[in-house]
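Under the heading signal peptide, TrEMBL lists 1-21. According to TrEMBL, the feature region 'Disordered' maps to 45-65, 265-350, 513-597. The disulfide bond feature in TrEMBL is assigned to Cys164-Cys198. If you look up TrEMBL, you'll see 278-322 marked as compositional bias 'Basic and acidic residues'. Positions annotated as compositional bias 'Acidic residues' by TrEMBL: 327-350, 541-550. For 484-505, the entry in TrEMBL reads transmembrane segment.
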Amino acid sequence: MELKWLLCVTLLALGILALQAHDTDEDDADDVVDIEDDLDDGIEDVEESKSETSSAPPAPKVTYRPPVPTGEVYFVESFDKGTLDGWILSRAKKDDTDDEIAKYDGKWEVQDMKETKLPGDKGLVMVTRAKHHAISSKLSKPFVFDTKPLIIQYEVNFQNGIECGGAYVKLLSKTAELNLDQFHDKTPYTIMFGPDKCGEDYKLHFIFRHKNPKTGKYEEKHAKRPDADLKTYFTDKKTHLYTLVLNPDNSFEILVDQTVVNSGNLLNDMSPPVNPPREIEDPNDQKPEDWDERPKIPDPDAVKPDDWDEDAPAKIADENAVKPEGWLDDEPEYVADPDAEKPEDWDEDMDGEWEAPQIANPKCETAPGCGTWQRPMIDNPNYKGKWKPPMIDNVNYQGIWKPRKIPNPDFFEDLEPFKMTPVSAVGLELWSMTSDIFFDNFIICTDRAVADDWASDGWGLKKAADGAAEVREEGLIVCCGRPWLWVVYILTVALPVFLVVLFCCSGKKQPSAAEYKKTDAPQPDVVDDEKEEEKDKGEKEEEEEEEDANEEKLGSDADLGSASQEEEEEEEEDRKPASEEEETVNRSPRNRKPRKD
């Protein structure tokens, strides 16, 4: 019983220690999260292989169905038909570029995502790298900026990450000259929107081309940079949903994964501003020659003091310094390497006279120094430097001169920049140093609810499928990365069960074959192997009893008689004929011989 209690206390102590270790690990997790993030990229392939080979319950299954728009749309494309029907590949050449890379010969294909969690969901893939790519498609009807909002939404997945390149979309302006077969970088567009990255510069473009009502010329207006950190959207290899909402009141919103990352107003938050200033500086105005911009001037009445020594050095030798004992004045700090040899191909006519390379003088290693000793330099207490008169306020100061303002001859005021040039096509004109950029589920509409429904049926399913898979992968990663957690699970789950079995279900010890032999009690049926095993155990117990009897005999004369008697009894049992044992075994009805009729 004492052994049981000792075992219970030990197991409980181990359980408490394991739980404390778990809490400590959770507290330290925040301190090492950066290191773990750095290691994640290095062990990603190993973890994926482990998750594939480890046995785990299957993730909840998400079934894909092609999304269907729930309202009026100007353009919609899910690529689930598996073809590029309705899309036109550009055959143009890019101006001002070498002929080798001027062609828009980048390859586009409709494919499944590489590591898709949603079988059947296809998308447009920019397959090649270091190529110019251009592809476009007509809207079902031109979009005219009038009284309804404009909503542009699509999905992007950088399957291989992204080094330098973009994944933005262009809404091409409705013009008589528009030819999608010749779509290139100079093709007029109204809006450009989407992610772009090069180096460590992560961007989310929103650019619109505004027409000057006075000159008729177009000028690009760029939205301010988002305050959010965009890096994750380019590096996590997940599908992200990009949405631009333009409202007739000139307000705009930019969302990633249905979360606002940038917002503003076309009149106030674009660069350069939509409307030019009313006044500008007169380009013909010139500063007068007598204009004094100096707020301070040297004091003309100041005089240099007589004791001011401008020639005193800033540093002087320390006269109190003493040369250290053991200083080797006659030894140079560096000497020629005695082991160096002139190279065999050394040509003195071409290379000059060969000299052995210099090495540190080995004699100086144990000395405080070598060569000529010089006193260290210290600051000169009498140093004052060049004298300058003190500065005083300039009584003639007139301030910083600026040219006068004049009315801006190019001024105009457009209070409705939302009314942009109508658009009639959507296009992707891109260059990337990374391949396999995945596009999916384009929609252009005017109703936010329609865009949200489309997102739920497309991007929402991808997110649900990824989340279901991550639940399983994270569980395996946690357990594989922290094996001691298995100890916690075993102790907290198995310990109560073990204790119940130990105290409530422990059975009575079965008598051995030796005990049956001593008492001649009936023995249950056993097979031959079990008989031999029980017989061996009985003989072993008999030998132990003989040893105990011998020790008692040597230890006490008073117990001599009883020990001798026990030995005699044991010897009598050993001398019992084998027929008695067989008779005991044969008492079982199973071992009796069948009767003869």
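Glycine is treated like the rest: Cβ placed from N, Cα and C.
Curation does not apply to TrEMBL; its annotations are automatic.
Within 10 Å of the C-beta of Cys164 (disulfide bond) there are 14 other C-beta atoms, taking all protein chains into account. When secondary structure is read from DSSP and collapsed to three states, Cys164 (disulfide bond) falls in the strand class. In sequence order, Glu163, Cys164, Gly165 are the residues of the chain that are 6 or more apart from Cys198 (disulfide bond) and have a CB within less than 8 Å of its CB.
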